Amino acid sequence: MHLQTRAAVVTGAASGIGLALSARFARAGAGVVMADVDGDALHRRAAELTARGAQVTAVTADLTDPEVVERLADTAFDQLGDIDVVCNNAGVLGPVGQPLWEVPLERMRQVFEVNHWAHVLVARAFVPRLLERGRPAHLIHTASMSAFVVGAGSAAYAASKHADLAVARSLRADLRGTGVRVSVLCPGRVDTPMVQGLTAPRGAGGDTSVSAEDVAGLVWEALGSDRFYLFSNSDARIRLRDQFDDVWRHVSLPPPSPEEELWPAPKATTVTMNH
């Protein structure tokens, strides 16, 4: 059943997928809190949506700062009341085309702080509040096809997206049985300002391209469902098949030894508490 979306929070909302998500929610009549570190661009885009009748609030926020993220959560719940959707979407591309040993450590750290650490902070700030309210909600993590398929010269970005995929999978397990669903958005190439003028890293594959609006539509249709992986590009199946076929070809484990087959299971331990 599609989640009734009356209120949404979108990070990385000043451009690209984040802006398209904000516009999609606003068009459906939802109130939207838009957050981004680029305050000037964010307020321009929010003003454009407001001029079209949208109910949006723009919050300039450095999402790598735990205190800032906590204030964002407070502001969002104060403005919107109950929140139905949180799109954990902030991201940067970082250095592309450089081998790992040539990427400045500070640049790699910056990519991880935005693509991974900021997503952790947003989840830690919003999920407890969502659980406390006890209403259905949906957390969308924006990862990437680079969480699965890695090419040359993409160490910082791909590693950060692998980490974010792991966080999303862990959150899904942690929240199973609650009313908060989790999905991970894994777009391939999307026509956004972040990738204009770039070519795909060698070995990453992926020739198809979609619009940010296409991606926002995919997310909209998935709200309230149990779909975890959201793939936006038509070549995703081929790219994933090639990736995992390669893994499977290298799985050549020997049969277990008799000792391994008979290895005893751990014994239960009883602890007596003295009061």
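A Cβ is built for glycine as well, from the same backbone N, Cα and C atoms used for every other residue.
Here is what Swiss-Prot says about this protein:
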ACT_SITE  Y157  active site, proton acceptor
BINDING   12-36, K161  NAD(+) binding site
BINDING   S144  substrate binding site
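Straight-line distance linking the Cα atoms of A20 (NAD(+) binding site) and the residue listed as 'substrate binding site', rounded to a whole number, equals 17 Å. If you measure from the Cα atom of G12 (NAD(+) binding site) to that of Y157 (active site, proton acceptor), you get 16 Å. Taking all protein chains in view, 25 other C-beta atoms sit within 10 angstroms of the C-beta of S144 (substrate binding site). Of the listed binding-site residues A20, A28, V32, the Cβ environment within 10 Å is emptiest of other Cβ atoms at A28. The binding-site residues in question are G12, G16, and the one with the fewest Cβ neighbours inside 10 Å is G16. Proximity of the residue listed as 'active site, proton acceptor' to non-local residues of its own chain (separation of 6 or more, Cβ distance below 8 Å) is seen for L93, G94, V96, V111, N115, S144, S146, given in sequence order. According to DSSP, D36 (NAD(+) binding site) is assigned to a strand segment. According to DSSP, G16 (NAD(+) binding site) is assigned to a helical segment. For D36 (NAD(+) binding site), applying a Cβ distance below 8 Å and a minimum sequence separation of six or more within one chain yields T11, G12, A13, A14, S15, G18, L42, A58, T60, A61, A90. Residue density at R24 (NAD(+) binding site): 21 other Cβ atoms are found within 10 A of its Cβ, drawing on all protein chains shown. For the recorded site, R24 (NAD(+) binding site), the DSSP three-state label reads helix.
The residue listed as 'active site, proton acceptor' falls within a helix when secondary structure is assigned with DSSP. Reduced to three states, the DSSP call for the residue listed as 'substrate binding site' is coil.
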